[in-house]
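Here is the structure we will look at.
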Amino acid sequence: MTITTRHDWTTEEIQTLLELPLMDLLWQAQTVHRDANPGYRVQLASLLSVKTGGCEEDCSYCSQSIHNSSDVSGFEAQMRVEPVLERARAAKEAGADRFCMGWAWREIRDGAQFEAMLEMVRGVRGMGMEACVTAGMLTDDQAGRLAEAGLTAYNHNLDTSPEHYEKIISTRTYEDRLETLQRVRKAGVTLCSGGIIGMGETLRDRASMLQVLASMNPHPESVPVNGLVAVEGTPLEEQQPFEPLELVRMVATARILMPHARVRLSAGREQLSREAQILCLQAGADSIFYGDLLLTTGNPDVEADRRLLADAGVQANWQENASSLAIKAPAST
């Protein structure tokens with residue numbers, strides 16, 4: 001099969017995909033995924049909150065906003081360089097080949113903290129790992145300096161559709177987000193950008209968000225697909241949980257639209273059964289966050305993920321064959 005990469009998908013076409021009978025949608029996604037990702041390799045990415053809480057933004061889903069009253073909304077000091085690099089080393093030893101670092105900032109500001117960020121990026125790259133940063137908006141000069149430090153990717157999620165956006169965030173515009181992504185790309189750093197389902201959006205909103213991502217040329221290097229984790233103390237704390245198959249549909253549709261992007265199964269994975277997670281891998285997810293914490297919310301532990309991947313018959317990027325993932329079953333009696 002020859003994969004045709006398109007950048008002209010319409011919202012209507014994407015909504016039609018999302019509405020397909022599940023087996024038909026999975027078949028289409030599988031056809032693309034098997035061609036684009038022979039061997040079913042899955043990237044293991046580890047995520048660390050370097051600067052937690054005290055964020056000036058009012059994102060309705062976020063526990064780190066000063067506008068919300070969660071346990072982590074208050075300010076915490078930025079971690080120092082060496083402890084961050086120690087965590088990166090531990091992540092690599094556990095099997096991760098990408099280390100993502102998060103700062104709860106509205107925007108990057110020049111000064112000692114930015115210099116420390118650059119040192120962290122250089123340190124992670126020096127270990128032979130990919131380095132990703134998420135830290136809000138940035139300038140052209142800052143994007144250029146991050147590129148010089150060796151940054152692999154910059155994460156800046158769209159979160160939701162342009163139409164639903166103002167119901168979720170008021171302190172930063174959708175255009176601000178798109179301009180940030182343009183600056184990153186101009187500097188030669190790849191994009192990591194996706195969104196969240198389960199925030200009261202419609203199916204049309206989900207299609208619209210995917211349309212924005214799929215219209216980018218080239219497509220983002222990584223597309224995180226998140227399910228809302230309703231955190232106490234945030235405006236969305238009483239939001240009804242998303243249906244697991246809705247996340248499967250988002251993964252499958254993202255795979256069809258962006259054949260060569262890494263579709264990363266991200267926040268909300270703890271709310272999925274093992275079977276639903278394996279279905280997401282079948283639908284086209286080829287990256288997961290690895291480790292028991294994602295910034296401030298929970299994630300399956302390392303051993304559970306190793307067993308999950310082994311049972312699914314997929315392999316991590318750094319492994320030569322799927323059998324090396326196997327975990328011995330208890331001896332029968």
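FYI, residue positions are counted from 1 along the chain as it appears here.
For all residues, glycine too, the Cβ spot is worked out from N, Cα and C.
Keep in mind the model is a prediction, meaning the values are calculated, not measured.
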Let me know which member of CYS62, CYS100 Swiss-Prot also records as binding [2Fe-2S] cluster at the site of CYS132, CYS192, ARG264.
CYS100
Based on DSSP, name the secondary structure state of CYS55 ([4Fe-4S] cluster binding site): helix, strand or coil.
strand
Greatest C-beta neighbour count within 10 angstroms, which of the binding-site residues CYS55, CYS62, CYS100:
CYS100
For the binding-site residues listed (CYS59, CYS132, CYS192), most other Cβ atoms within 10 Å of the Cβ sits at CYS192
Between CYS192 ([2Fe-2S] cluster binding site) and CYS62 ([4Fe-4S] cluster binding site), what is the CA-CA distance rounded to a whole number of Å?
19
Take the mean position of the Cβ atoms of CYS100, CYS132, CYS192, ARG264, the recorded [2Fe-2S] cluster site. Which other residues of that chain put their Cβ within 8 Å of it?
ALA45, LEU47, ARG98, THR134, ALA153, ASN155, SER222, PRO224, SER287
